[in-house]
Amino acid sequence: MLKFLLACVMLMPLVNSWWAVQSSLFVLSFIMIIYCHHDFGNYMMGWCFNLDSLGYILILLSFWITSLVVCSSQKVLKDNNYPSLFLVVNIFLLFFLVMTFSVNDYLLFYISFESSLIPTLILILGWGYQPERLQAGVYMLFYTLFASLPLLVSLISLYNMSGSLTLGLVESVKGVGFIPCVWYVVTVFAFIVKLPMFLVHLWLPKAHVEAPVAGSMILAGVLLKLGGYGLIRVLPLFSEVNKSLSWLWVSISLVGGVVVSLMCLRQVDMKALIAYSSVAHMGLVLSGLVVFGWWGLNGAVVVMIGHGLCSSGLFCLANMVYERVGSRSLLISKGLINFMPSMALWWFLLSAGNMAAPPTLNLLGEISLIISVVSWSKVTMLSIALLSFFSAAYTLYMFSLSQHGKYYSSLFSCCSGKVREYLILMLHWLPLNVLILKSSTIMCIL
């Protein structure tokens, strides 16, 4: 994995040429896909780096989404809105993400995990749309830092107890008393906020709405996966406490997922609707992770990958509409099928992915998660049924309201779509539906 870290560094001299960076990112992504055909074990690479299948597939997702982000942010280049600085920020963000998914030391993981916040904040503050982006940036910063500082104290305590912070060498915390419970909560809380769980999710819709398309795509595509990845790495250290407290997270996630789904049905802002739908999907992922069964873990990883591709594609679509119509409101952006008919196909395909319709990767992951959570407790069936129903309901609501009806009278002409835009959407949709053919490989990832 050091070669990919070096590749990120070597992209820096190319930042004056937008096309060179864009092409290099796509080439690196395809090289990683070719490597995917080799049989992967858990390879130690010296110092503090290792690579297992989970880290590998998330690094591949990071490269893929960053390539699509640069490709979809042509407006920055067209308006000459500091394009070189924009590329530098994205490459730094990619570097920190690769570091996060490839280190095998908890302290280095914490540093790179938190470092990814800085480029994201710069993206929102520097290239966001409205003056409210300052408030959105502060929300994101304080929510994340409030939860992450106790995690640092927890890691220092683990080092004092074990004498090491290397993955696999840290001792598990024994017992289910008051101190182990508090220790467990402060450790996992940073990842739960990043996921985000209902009740600590308010930073996400604000950040998405005010972020540029690059910020939204990176947030939805990769940064939300940092929380799930961190939980997979940390939960084995607290197996006894997690077993006794998993009911708390499952209850909040499933009930909160239903509440957020109802909130989606009253949204009129496209980006806010897609952002709230991410909270509902990640609630099911959190439930599968804390139950910590084979079906739950594998289902959570598959949904994280599927959601990263699907949600990123939907944000890209919402930005294409915003660039043409000048508004994200579903009340103004009605009847898009009348003047963007070929784009309506991509709205339909990505909406189908968002509601976990076959043959998308989301369907495979959600079936695995439902099996895991229902086998843990049959009481959860009611919440899961409502969650699945409303997931389809708000996606259909978004699709029908945006595509059908009479379009806004001030819209006189509009091009249906450029080849570049169709390419971006196809590169979101194709892996989402083709990867299910390799489902046996993905489900054996852990």
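Using N, Cα and C of the backbone, Cβ positions are placed for all residues, glycine too.
The domain 'NADH:ubiquinone oxidoreductase chain 4 N-terminal' feature in TrEMBL is assigned to 1-100.
Per TrEMBL, the feature domain 'NADH:quinone oxidoreductase/Mrp antiporter transmembrane' maps to 104-390.
Residues or ranges marked as signal peptide by TrEMBL: 1-17.
The transmembrane segment annotation in TrEMBL covers 53-70 (among others).
Nonlocal intrachain contacts for the transmembrane segment (82-101), taken as residues 6+ away from its ends with a CB within less than 8 angstroms of a stretch CB, comprise 1, 4-5, 8-9, 11-12, 15-16, 18, 21, 55, 58-59, 62-63, 66, 69-70, 73, 76, 108-109, 112-113, 115-116, 118-120, 122-123, 126-127, 214, 218, 222, 226, 229. Annotated transmembrane segment per TrEMBL: 82-101 (among others), in sequence order.
TrEMBL lists 107-129 (among others) with the feature transmembrane segment. Beyond the ends of the transmembrane segment (107-129), by six or more residues, the same chain brings 48, 76, 81-82, 85-86, 89-90, 92-93, 96-97, 99-100, 136-137, 140-141, 144, 148, 151-152, 155, 159, 165, 207, 210-212, 214-215, 218-219, 223, 226, 230, 233 to within a C-beta distance below 8 angstroms of the stretch.
The transmembrane segment annotation in TrEMBL covers 141-162 (among others).
With a cut-off of 8 Å between Cβ atoms, the residues of this chain six or more beyond the transmembrane segment (182-204) that come close are 136, 139-140, 143-144, 146-148, 150-151, 153-155, 157, 173, 219, 223-224, 226-228, 230-231, 234-235, 237-238, 241-242, 245, 249, 252-253, 255-257, 259-260, 275, 278-279, 282-283, 285-286. The transmembrane segment annotation in TrEMBL covers 182-204 (among others).
Residues 54-55, 58, 61-62, 65-66, 68-70, 72-73, 76, 86, 90, 93, 97, 100-101, 109, 113, 116, 120, 123-124, 127-129, 133, 136, 188, 190-196, 204, 271, 274-275, 278, 282, 285-286, 289-290, 297, 300-301, 304, 307-309, 311-312, 315-316, 319, 446 of the same chain, all 6+ positions outside the transmembrane segment (211-232), place their C-beta atoms under 8 angstroms from a C-beta of that stretch. Under the heading transmembrane segment, TrEMBL lists 211-232 (among others).
The transmembrane segment annotation in TrEMBL covers 244-265 (among others).
Sequence-distant contacts of the transmembrane segment (272-295) (same chain, at least 6 residues past either end, Cβ-Cβ under 8 Å): 192, 195-198, 201, 204-205, 208-209, 216, 220, 224, 227-228, 231-232, 235, 239, 242-243, 246, 249-250, 253-254, 256-257, 260-261, 263-264, 303-304, 307, 311, 314-315, 318, 330, 354, 366, 368-369, 371-373, 375-376, 380, 384, 387, 390-391, 394-395, 398, 446. The transmembrane segment annotation in TrEMBL covers 272-295 (among others).
According to TrEMBL, the transmembrane segment annotation covers 301-322 (among others).
According to TrEMBL, the transmembrane segment annotation covers 343-361 (among others).
Among the features that TrEMBL reports, transmembrane segment is placed at 381-401 (among others).
Among the features that TrEMBL reports, transmembrane segment is placed at 422-443 (among others).
Secondary structure of the domain 'NADH:ubiquinone oxidoreductase chain 4 N-terminal' (1-100) per DSSP, as helix, strand and coil residue counts: 73 helix, 5 strand, 22 coil.
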